[in-house]
Amino acid sequence: MKCDKCNKEAVIFQKYSGMHLCSTHQMADVERKIKRRMRQDRMVLPGDHIAVGMSGGKDSAVTLSILVETFSKRPDIKFTAITIDEGIDGYRNFSIPKVKELCDELGVDHIVVSFKEEIGHTLDDILKRERKEASCTYCGVFRRTLLNRTARSIGANKVATGHNLDDDAQVVIMNIMNGDIERLARMRPDRIQDGLVPRIKPLMDVPEKEIALYAFLKGLPFYMGECPYARESLRGEIKDMLNDFENRHPGTKYSIMRGFDDMIDCIKTKYQQVPLNKCEICGEPGIKGVCQTCKLKERVKIN
Ligand code: SF4
Ligand SMILES: [Zn+2]
Ligand SMILES: [Zn+2]
């Protein structure tokens, strides 16, 4: 098949747009979607110091690479990469070297913060000991806190993550399936919360498959393996379901997000953003009393 824009050999068929694209035009299309979103939401502003959460996978590699390239002529904008090492054997030990390689190529400082040092145990140890929650719950709670705390400690005023269209569509469907509409409302916060570094998601309009192809075509160093715990989660099932739907009904993921954006204002009138308090133990932002991180930390304490 030929590219619909230049007649070169196509590398992808975007079912939802009906376009065949060659490598040059596929890469240009991904960059256009990312830059359009960054512009629309004014994600990057003069003087920003942006901490980029780096897992070593394709999404974070593309996020950092595009941010650094886009703002290469803006010395007032600074980027620092932060990797949270959860301690997942056979996964993080392969992905962290990829982050280091990319950061060296791009000239970006890289900080690694580990569960072992900060929480006292690796995720593998925690899961060997306690399985009351889904593995991603322990991981997500601790990772969010460490990423936020580290970003704040280096003076970053934003955290960029590699969440893509698929991730956001999965979270919308998961919250609906869980009946957790309050959490759905929290996906689009209205204002900055004290102690929480605001998040930006430059890849939110790009399907995962296109990001993978972009990372590959651009020759970015990234780790292709999947977290061994990923398949245990409801999220993994929703991912498969949405991919199946997307295949049979192209454009499903974009439609989910369009519908979500259309109803978010209504949802937020019922579930208004509550101001956060400081955790009584660690001082990190939380709803009230003791934060979820401290509660979980206490439960998984290994004496
Ligand atoms: S899949 Fe779950 S356990 Fe694995 S890194 Fe992601 S959140 Fe953590
Ligand atoms: Zn082309
Ligand atoms: Zn706490």
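Glycine is no exception: its Cβ is also placed from the backbone N, Cα and C atoms.
What TrEMBL annotates here:
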BINDING   Cys3, Cys6, Cys22, His25  Zn(2+) 1 binding site
BINDING   Gly53, Met54, Ser55, Asp59, Ile84, Gly162, Asp167  ATP binding site
BINDING   Cys279, Cys282, Cys291, Cys294  Zn(2+) 2 binding site
DOMAIN    2-25  domain '2-thiouridine synthetase TtuA-like N-terminal LIM'
DOMAIN    50-226  domain 'tRNA(Ile)-lysidine/2-thiocytidine synthase N-terminal'
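Here the features listed in TrEMBL are placed on the structure.
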residue	record	Cβ within 10 Å
Cys6	Zn(2+) 1 binding site	11
Cys22	Zn(2+) 1 binding site	20
Gly53	ATP binding site	24
Met54	ATP binding site	31
Ser55	ATP binding site	24
Asp59	ATP binding site	24
Gly162	ATP binding site	23
Asp167	ATP binding site	19
Cys282	Zn(2+) 2 binding site	15
Cys294	Zn(2+) 2 binding site	18
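The binding-site residues under consideration are His25, Cys291. Their Cβ neighbour counts within 10 Å are lowest for His25. Calculated from their C-alpha atoms, the gap between Asp167 (ATP binding site) and His25 (Zn(2+) 1 binding site) amounts to 24 Å. Using the Cβ center of Cys3, Cys6, Cys22, His25 for Zn(2+) 1, the list of other same-chain residues with Cβ within 8 Å runs, in sequence order, Lys2, Asp4, Lys5, Asn7, Lys8, Ala10, His20, Leu21, Ser23, Thr24, Gln26. With respect to Ser55 (ATP binding site), the closest of these binding-site residues in Cα terms is Cys294, chosen from Cys22, His25, Cys279, Cys294. Cα separation, Gly162 (ATP binding site) to His25 (Zn(2+) 1 binding site), rounded: 22 Å. Listed binding-site residues: Cys3, His25, Asp59, Ile84, Cys279, Cys282. Those with a CB atom under 6 Å from ligand 3: Cys279, Cys282.
Taking a C-beta cut-off of under 8 Å and a sequence gap of six or more, Cys3 (Zn(2+) 1 binding site) has these contacts in its own chain: Glu9, Ala10, His20, Leu21, Cys22, His25.
The Cβ neighbour count for Cys279 (Zn(2+) 2 binding site), using a 10 Å radius and every protein chain shown, is 21. In terms of C-alpha distance, the listed binding-site residues Cys6, Gly53, Met54, Ile84 place Ile84 closest to Cys282 (Zn(2+) 2 binding site). Geometry remark: Cys279 (Zn(2+) 2 binding site) versus Ile84 (ATP binding site), CA distance 22 Å.
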